[in-house]
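A quick write-up on the structure given underneath.
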Amino acid sequence: MAKMEVKTSLLDDMIGVGDMVLLEPLNEDSFINNLKKRFDHNEVYTYIGSVVISINPYRPLPIYTPEKVEEYRNRNFYELSPHIFALSDEAYRSLRDQDKDQCILITGESGAGKTEASKLVMSYVAAVCGKGAEVNQVKEQLLQSNPVLEAFGNAKTVRNDNSSRFGKYMDIEFDFKGDPLGGVISNYLLEKSRVVKQPRGERNFHIFYQILSGASEDFLCKCDTCAFFRYSSLMDHSTRVLFSGKCSIFQIIVNAMQIVGFMDHETQSVFEVVAAVLKLGNIEFKPESRVNGLDESKIKDKNELKEICELTGIDQSVLERAFSFRTVEAKQEKVSTTLNVAQSNIFIALCFLKAQTKVRKKVMGVLDIYGVFINLTLPGIEWTHIEYFNNAIICDLIENNQTGILAMLDEECLRPGTVTDDTFLEKLNQVCATHQHFESRMSKCSRFLNDTTLPHSCFRIQHYAGKVMYQVEGFVDKNNDLLYRDLSQAMWKASHSLIKALFPEGNPAKINLKRPPTAGSQFKASVATLMKNLQTKNPNYIRCIKPNDKKAAHIFNDALVCHQIRYLGLLENVRVRRAGYAFRQAYEPCLERYKMLCKQTWPHWRGPARTGVEVLFNELEIPEEEFSFGRSKIFIRNPRTLFKLEDLRKQRLEDLATLIEKIYRGWKCRTRFLLMKKSQIVIAAWFRRYAQQKKYQKIKSSAIIVQSYIRGWKARELLRELKHQKRCNEAATIIAAYWHGTQVRKCNLFFPKLFYIPFSNTSQARRELRRLKEEARNKHAIAVIWAYWLGYKVRREYRKFFRANAGRKIYEFTLQRLMQKYFLEMKNKMPSLSPIDKNWPARPYLFLDSTHKELKRIFHLWRCKKYRDQFTDQQKLIYEEKLEASELFKDKKALYPASVGQPFQGAYLEISKNPKYKKLKDAVDEKIIIAEVVNKINRANGKATSRIFLLTKNNVLLADQKSGNIKSEVPLGDVTKVSMSSQNDGFFAVHLKEGSGAASKGDFLFSSDHLIEMATKLYRTTLSQTKQKLNIEISDEFLVQFRQDKVCVKFIQGSQKNGNVPTCKRKNNRLLEVAVP
């Protein structure tokens, strides 16, 4: 298991108290309330040290799963919450690893769950031991023995549907590896009378009903039994029983017997014997009188006898005579006497079951019976004798060989003459009359003569848990428990092999004339044998408790549980455990659990575990008388010490959790920061790439636009130049044409016949000239208009794609340049890192006003954080107190500005270093928050007396300055208010809760030079301790309670003879004036 694995300890998240040894306070009510609280939360197991208390839940709980078995496997007893698996594991590991024989004693009354507890122990041991085909077969045999035992030994009673009617002790044998080899089962005090008669509302043993309801038709026909026949031994008085149960139960019993080792013919023989006993119950006897006056009995219906004889193979005449006569042999004489009806019926009860035992090996015993206690001591510790009630005096009253009740009963049974129950009671009244625990109305002791609660035919024994009354009717007959020799011989003559084997004493060759032992002597012998067997083993105890008589879930009857607690002696068990040491634990788990409380043992201790525990307890300053060191365990005497350790551990775990959380959060934030930083670098790289690409695209686009504009301008300039040249050429042509025309006309005037003019006249020539000019002008106009249209079209296209976004882009570019210039200038003009420096560069542009203010705020917060990070924890605490003082007194108390520059020291007297205050230091065991000499104002005259004012985590203490004796101690919970004036004085009043012990003399009025610090620390300490804010009242006039009177404290202004020192004076019974300069 890993060292830091989370464990579910007995002390972790426990409901109530898991171990009654740790219960505080210890009394009967708290004991029952703790059991009830755990029972209501489905916690049915509780410890008393190593003893397990088990409360029957009367319903299945999910706490016995294979996962639970693995959870408790190889774990320390106190490591997990209380469980029967923990005790089973402890016993099994002690047997396997330490070669110590173990026994588990399961006690409690009927219906408390003893049988189920024994089955759980066996199932756990079977689950955790070794594997293998042979081992698994043995484990299966051990588990399947329970259904067989319950079928033949359990019955339904008014208290329990599956009540064990015998004491069962099972020895489970193991080899050296811890693997089971087999088991030996012994039974004690089987209730044989139940075969013949059952109390009202109860039933016979389960096997009878299981055979009738589940056996095959062939078997029932062979045994001549019927599932709906009326059997006298199965009747609940006059009620007829219908055997219509589930057939599967009988098949389970058959399968279990096969697994245990019964062969098919052996199983058949056992069921035939059960059927024979069942049919014996139908035989009825009728009384008759002989001639000599003696009573005798006869069988009413011999058909029933005939069927029994056919089933068992006994001669009918032999069995009939055995029922009606008995033979008494004395020396050489034989006397045959008749039996009455009651004596004949005894035979049926004695023919039911006999047990055999085997030689045992090294074993683990499981005892399902009540009343066995074994004392146990552990080495390595000096144990103190504890006074408690010793039940030996009651055992001696019952079992004493000369004067015990059982000895008197045996003597009365053996006495010649008339022997009755009344004569037995008379003998007891003579022998036991003087015994302090024996009570009878017929005894010589006169104090019971008039006790009407005690009938004449009864006697009463006062046990340690209460009084029990016994009715003597039937004591003598039941004690005889005789199986007459005639009956044994008749059974031995049967041809049925099993019946013959059950009665070896019927063999005529082995006749024993010795009187068989009585029931009382058998009881004493079996108990003595059992105790001798148990005392050789290490005991483990399980105390079973029944929560109610209704056999219902979720019901807890306090009175019934209280009665069981008393007679089981559980409170005495707790007191004995606590009178020694309330808690014990091995060194390794103790160190593992509490090592975080000491710096030397946390987180790892390199030395021996015991040394580590010693260092741990010395560091915690636990008194030596509260614990002791054993060989392998630490023993803690008082539960309060353990609870203190648990409280310290819980607080330390919270601190460690906070530390882990802080480290984890820091790691998480650093990891997130590094991831964000890495991501930011990647994003910035990609963004810069993208920005540069966009910038390049913008520059390229701008260059294209500029080129377009330049090319357009050049094209337009060229177009204008070409147009100008064209117009000039045209103008020159026109001028030349006009000039030539003029010259021609001049020649025509002087030489008209030299030239041929094709026109008929001059007017026609002029018209043609005008037409040509007009045509030229139109062509020129069309060319100009087309050129202008092409230019307009190009300009419109350029304006559509470029000129529409040029303004916004120029604005963004300009804004970006201005922001870049602004930030570069800010970098060189940053103020100092002092938080009080209020300088800040001027705003260069109006549109940056909000940005400028936000940058100023962010920079101030950042440099404040940088300044705070330089503080130590002590400085942070001082500044927190200063901040608290500012919130409480700023602009309210005139003395506050003077206190701002004064550091809060707290311990002005240095009590721990000054030997003068050694006595005061020893008296105060808490951390001192403030130690200051104050002036306590006398309630009577207003004069001041010097006192030492101490403030701790929980109290306010006043001590004498000279002697150091504590005069007053006030819990912080009793302080309700602190009053002071608004002026420049050091007076303050501490108001106490009315009715508290500290308020008997009234409130306190003090004067101090460190008023602001004292009031602030008192406010913070009270808030931390009581989770409530202390009321701070600032007023120049307030009321103070002095004993039974309320006095008004009034602050006035005035010049003082003592300079700047305020003075206090009592004016009258109702007024106290404080003059402030």
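Counting begins at 1 with the first residue displayed.
In case you wondered, yes, glycine gets a Cβ from its N, Cα and C as well.
It is 527-549, from the ranges 136-158, 527-549, 941-963, that TrEMBL records as region 'Actin-binding'. Taking Cβ-Cβ distances under 8 Å and a sequence gap of 6 or more within the same chain, the neighbours of Gly111 (ATP binding site) are Asn56, Thr157, Arg159, Asn160, Ser163, Lys546, Asp549, Lys551. Taking the centroid of the Cβ atoms of Gly108, Glu109, Ser110, Gly111, Ala112, Gly113, Lys114, Thr115 as the ATP site, the other same-chain residues with Cβ within 8 Å of it are Asn56, Asn160, Ser163, Cys544, Lys546. With every protein chain in view, the residue among the binding-site residues Ser110, Thr115 whose Cβ has the most Cβ partners within 10 Å turns out to be Thr115. In the region 'Actin-binding' (527-549), the DSSP tally of helix, strand and coil residues is 8 helix, 8 strand, 7 coil.
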